[in-house]
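**Student:** Take this structure first; my questions come after.
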């Protein structure tokens, strides 16, 4: 059975690692905070005390990390060399396309294939293996990665070609579109409330009609009641990290994105108001604040 | 059978009037351009040469007009008085909440009930009677209006209480949210294209996953190919009219709406670039223009 080094067991990584263990894969986990890995060890995972020890002699490295810096910290030459020629790295973090492109070149020096496979979906969706993944990188490497992605996290895999940064572009575009939907709902429901119309009623109508899709239905519930510190799936500072990546990528490609600018400012303002423990949906509170609610 | 005066047979009004005629209602049509009413006369409608003649002796007035000014031009005291006490006006145009509130007071002087029932849906949806309607006004009057709305246009009726302006607030909120989705897709797909990612591929993925709802799926197709002068269902100047109403309403209620401001500017810029014959989805071209595409 394929031997996997799994690095990064936060909200998203943990259920993916657990699914792979349950599916019978030989999984070795490294995490900066070893405590968090204990339940995985009880489920059958081996534990490693360094990234290099984790990758040694494995077929595949899977990473699910918080940001570019954390991933670059793991991907030392030693750790990638330790994975060995014909190794495969499935990189599932939300990072900049440029980082994926640079890592792909570094990996090639050691004969390792790099596949970008960032995840759409909250932790519950990972646990249920109903996430959606954008994937890009060398064709054979993507084929090798697919069974592991299906076993660990996703029902849908969408191929965006061989540029290792392409899947990261798609992930950033998607998170930006989610953030824009949050701000749009917030402005609309705030205008409604100021005109005596119930936020809940309008959210329910749109969730059943024009916008009958999970993003509007699920985020809409929180925005309808203006409550963002419960069911925190993805914290506000992580949302800001993603919008920063969106705008960095937009700048590199010379693409003005005025909606992305506004959402970024909402997230910065959320931090200024002490909302770092809120779900990122809480960027919606900005429009209500501005309207004196 | 209920006698209906029907005024306004543009893209949306025409199929609604035709459905009511087919359903066996006694329909009298007035239209500023009488030519357009001929196919309805052939289907069984009577024609009137003035609004007052149309409303005389009828139970119900239904209006589907382009803007506040057109509706106010129809709702002369003479025309409303001619409808007579216990008459009902079902006002389906997208207009300002303030206009609905003023008309409701005027109508009460003549014993006529005013119900706001603006429509969500393109002409094809009206023809198939699968539109969705937000409704507000006096409770009994709404009950009287519902069978006509179901026979003419809608499968879903969502009640927003007794304030005659409430349904108009909901309609404006909805059109704003659609325009924001168009701009969000446009910025995202433009960023993708500038990074070598196919607009079509990204549109297809999001239409199947995060945003699997008609607004993203249908508008997404035009934005994926950057083509806005075919299948024109709702022209760009009408979109600007609606965004102006959104921002007027937001100003009255003291609600800053930065996304609405940006979309309004996109529509104004579209007119400046000679795009008045485009579908309003064409506001999406603005982000591509700005990015040098």
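Using N, Cα and C of the backbone, Cβ positions are placed for all residues, glycine too.
Where the annotation comes from TrEMBL, it is an automatic prediction and has not been curated.
Residues or ranges marked as domain '6-phosphogluconate dehydrogenase NADP-binding' in TrEMBL: B:3-154. Taken from TrEMBL, the feature domain '3-hydroxyisobutyrate dehydrogenase-like NAD-binding' covers B:165-283. Under the heading active site, TrEMBL lists B:171.
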**Student:** Taking the Cβ of the residue listed as 'active site' as centre, how many other Cβ atoms lie within 10 Å?
**Tutor:** 26
**Student:** Per DSSP, to which secondary structure element type does residue B:171 (active site) belong, with helix, strand and coil as the options?
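**Tutor:** In the DSSP reduction, residue B:171 (active site) maps to helix.
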**Student:** From the DSSP assignment alone, can you count helix, strand and coil residues within the domain '3-hydroxyisobutyrate dehydrogenase-like NAD-binding' (B:165-283)?
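**Tutor:** Each residue of the domain '3-hydroxyisobutyrate dehydrogenase-like NAD-binding' (B:165-283) counted once, the result is 87 helix, 2 strand, 30 coil.
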